[in-house]
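Chemist: TrEMBL lists these features:
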{"type": "SIGNAL", "residues": "1-23", "note": "signal peptide"}
{"type": "TRANSMEM", "residues": "271-293", "note": "transmembrane segment"}
{"type": "TRANSMEM", "residues": "338-365", "note": "transmembrane segment"}
{"type": "TRANSMEM", "residues": "371-396", "note": "transmembrane segment"}
{"type": "TRANSMEM", "residues": "408-429", "note": "transmembrane segment"}
{"type": "TRANSMEM", "residues": "449-467", "note": "transmembrane segment"}
{"type": "TRANSMEM", "residues": "496-518", "note": "transmembrane segment"}
{"type": "TRANSMEM", "residues": "524-550", "note": "transmembrane segment"}
{"type": "TRANSMEM", "residues": "562-586", "note": "transmembrane segment"}
{"type": "TRANSMEM", "residues": "598-626", "note": "transmembrane segment"}
């Protein structure tokens, strides 16, 4: 990348990262206006736990159901893949109408209910409610630091330290903020907070029916009453309060409380990470500059000048990268087809990642648009199938491969087959647990349609164009007889070089990786895609520069088997990502069932393999370009 383009990319990323705390909605997404007294619908989503990672349908628990029956709201493919199941609820809310201890329903707990609720409380399951596309936030006050925190959802219940008694959160106090636009008699919902309580409700004397008058609601503070204990035969009354408050927060900024939690500290961490990564890039750039300006230019000058008779006699003892000029572009000795397929797939994933991050950075993938990020990943991946086909075919033809049909089929099916097979196994786990995360059969058909109906034809089209092109031309001629490679020192061994190659690229991105993992597995919102774009560019630069340095040292030791090594050394970044995700899992997620291990490492395995292919492709391309440049600069007799 030219310096001007690098500066432009950094400036673009900085501009995108600057307004990380501002709310953003797509043009054309209009707010909902409510009149005073108009019904405001409360929807319920899946019940989730960060400990198990297995979501459940809301009404699989003994909660109050709507009188007119439960119905699902239209969901896109991305919502199904993330386990979202949005449904109606029996809560009756009206704009600017406060309510106090409204009785929703009563339910007598059975033995099965008790077992299910206790298990849910022990595993930390939480409600996830939605009003006007705004998720419910629970409020936590830190008395030590005098800080208020907002987190997604609220817990199903609570238990004591000895886990002997369990209490159900059967009463909620709903706080809703509204904003009135000047000159209009309409109101918009700009805040939604919930504070749960557990109350052992008592029916007032003489009161009967499904929604009787409760004596525990008569002017008694909800936090001072006895909790509703979970035990067989107990009658649980579900109640709620509603409190409306005027707010100066505008509709476009209403997501800020979810995105700005302690944002000053996290922004500093992001900037520190980027500065640290930039120093790594500068270090590698300086090393490459030293190689190119000092060593390489000196070598080229020496190789190009006319030698004396004495120097000709000493050429047999000469060592250096020029000596492998007749072998450096020799096709890989092992598995050239697999290398071509992996490089092509890596190019496809690279384009997918770049396009998705750019779309997210400019605001087209707002967290308010559920499932949009997943859909963007799927669509960009299948649409970039032509890239995989073209790169694989062009490279395989350069390697003088003859089985072009097999190469094309592998480019279309190899990586997607791995992902889909793992996905099916993990989906079977969700099915066995009765989880809402299980993908319906119709949605599976949609995935297969995207794969075989769009991605595969595009791969074949790209491969056709790749095979129509001439083979890559190289500045030197490859000899018929391979040169013998001398014994290599231990630090130039294949395994050592591969392990070293991924350390610095991983170091450039591991801080951002922490925030991404927190978003994926702990339910936090990830929104700083401007920072991510910067880190992504730095990661690619680090992979390219690190691989170029290692390839140069390899050639100086007269080892010309750089094709696979350049790919694997940069691709080992994916291995470090997998290892780090394992450390994160045991230190942060704290699982309590075996299925969580399978789900976590199954999905992280797919992601790490994708990073391996993507970074490997970058390292391979950088080494290929580097070798073509340096060997085009020398004269060969």
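Using the three backbone atoms N, Cα and C, a Cβ is placed for every residue, glycine included.
Provide an account of the burial state, proximal residues and distances for the features listed.
Modeler: For the transmembrane segment (271-293), the list of distant contacts is 504, 507-509, 511-512, 531, 534-535, 538-539, 541-542, 545-546, 548-549, 552: same-chain residues at least six beyond its ends, Cβ to Cβ under 8 Å.
Proximity of distant same-chain residues to the transmembrane segment (449-467), defined by a Cβ-Cβ separation under 8 Å and at least 6 residues beyond the stretch ends, is recorded for 378-379, 381-394, 397, 404, 407-408, 411-413, 416, 420.
Packing against the transmembrane segment (496-518) from elsewhere in the chain are residues 266, 269-270, 272-273, 276-277, 280-281, 284, 490, 524, 526, 528, 531-532, 535-536, 538-539, 542-543, 546-547, 550, 554, 565, 568-577, 580-581, 584, 588, 615, 619: each is 6 or more residues past its ends and has a CB under 8 Å from a CB in it.
Within the chain, the transmembrane segment (562-586) has long-range Cβ neighbours (under 8 A, six or more residues past its boundaries) at 328, 331-332, 334-335, 339, 342-343, 346, 494, 497-503, 505-506, 510, 513-514, 517, 521, 539, 543-544, 546-547, 550-551, 554-555, 600-601, 604-605, 607-620, 622-624, 627.
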Chemist: How about long-range neighbours of the transmembrane segment (408-429): same chain, 6 or more residues beyond its ends, C-beta under 8 Å?
Modeler: 54, 337-338, 340-341, 344-345, 349, 385, 388-389, 392-393, 437-439, 447, 451, 455-456, 459-460, 463, 595, 598-599, 602-603, 605-606, 609-610, 613
